[in-house]
Amino acid sequence: MAAKILLIALLALASSHALASDPSPLQDFCVADMDSKVRVNGFVCKDPTVVKAEDFFSTGLDKAGDTGKKLGSNVTAVNVNKIVGLNTLGISMVRIDYAPKGLNAPHTHPRATEILTVIEGQLFVGFVTSNSDNGNRLFTKMLKKGDVFVFPEGLIHFQFNPGHTNTVAIGALSSQNPGTITIANAVFGSKPPISDEVLAKAFQIAEMAAKILLISLLAMASSLAMASDPSPLQDFCVADKASKVRVNGFVCKDPTVVKAEDFFSTGLDKAGDTGKKLGSNVTAVNIAEMAAKILLISLLAMASSLAMASDPSPLQDFCVADKASKVLVNGFVCKDPMQVTAEDFFAMGLDKAGNTENKVGSMVTAVNVNKLAGLNTLGISMVRIDYAPRGLNPPHTHPRATEILTVIEGQLLVGFVTSNTDNGNRLFTKMLKKGDVFVFPEGLIHFQFNPGHTKTVAIGALSSQNPGTITIANAVFGSKPPISDDVLAKAFQVDKKTVDWLQAQFWADNNN
């Protein structure tokens, strides 16, 4: 009986976690009102009295997509933009057509897991794990008709048709707007482009080679455009403080007028007034100070509902990780609370500079659940990042977390790239000085670069006990075993010799 109770409890926990990426519906349905001018996270609801069956209906997945493109594949998406009834329901569907030797290039879905089945033909599929001490592990499988494969949320993955006949697959994604980041497009085709110096250092190539890659990819059209979902339902929802509309949080500013300053704040280098009874002062950087903080974590220690969306919510005061247990769960099982001590919530070392004598000139010292057992189930972690002069934390993603970062000393050029849109991958950049704060939305490719001649130190917080890190260059060109030359050559539009040379440069790790 005890085993059954435990099983039921774990199934419920797994269910709540599965739906954590999209806000749960609060009524039977919330059909998207595409005519409304009100901006919210996702869409406002149509009057339920005028909803009809057609709002939950779409056609066209029997039609082959046009594969006459560079990559030889085409994604036909059925998301909330096509079926308005999908709003708040946390799911969408795609048909993918592949010409012979066609490729759905390495990409991520920042807000969704994908499950895919082959309808006709064959597919060589794979995904790459996030950074670990053993590198980025590649899992691959050859699929035939009727086979099913799952690509975990936020991880880089691809599909390739190795045969001489067309292939068709149907996929489902755990979001009404999963987002898609095609790695080559986002890194080398952002608007405006990421600087040659950043890319050359990240991929360990000469700046001229970075320019050649950038030019060849600027024109590559993304094959997948997605819509909008709860948790974040798009890359960001910058608060519109001028709006009179009342919602849970704030309505969204028009994304075409969003700028880097919306993700930026100053003043954490200024001492607060401690001339009060308690002798302390809290200077907050939250949504009131920083419009882009809506749906993102508060600085360093403030837990938000979104922080708990990526991590299962705690069901008791704490659940200190029992590292000695052999039981495998999502996260860690709990230590006997009677044996928990203050040391379980304590770590040291963030005052120590990390060793930046590596290829990229930076070092990340993480305090996550692996270092601090008390973080288990608490949905937050912290990092110190050291940068040598001209040091780079290369383009990477955190598949399970938003990151907020402040500069302790020195300066940083920071940026993030939005997921695929009809207008390409938009780059937001900002130069930070001591005390400045910047936010990198969950799952998006971002970087930090020290352009100066002195060292820089930053402290960051992430909305997960184990955010994961996918360093783009390492994962794509340094996976174990390597991704096939055919896949990479086609994805990045270069010859196989260039791919072989790039693969020989990795693995370079700047995580401690």
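One is the number of the first residue shown, and numbering goes on along the chain from there.
Cβ coordinates are placed from backbone N, Cα and C, and glycine is handled just like the others.
Looking up CYS319 in TrEMBL gives a disulphide bond whose other cysteine, out of CYS252, CYS334, is CYS334. Look at ASN393 (oxalate binding site): DSSP puts it in a strand.
In this structure, HIS398 (oxalate binding site) belongs to neither helix nor strand by DSSP; it is coil.
Here the candidates are the binding-site residues HIS396, HIS398, HIS446. The one whose C-alpha lies nearest to that of CYS319 (disulfide bond) is HIS398. Taking Cβ-Cβ distances under 8 Å and a sequence separation of 6 or more, the neighbours of CYS334 (disulfide bond) in its chain are GLN316, CYS319, VAL320, ALA321, ASP322, ASN376. Rounded to a whole number, the C-alpha distance linking HIS396 (Mn(2+) binding site) with GLU403 (oxalate binding site) is 12 angstrom.
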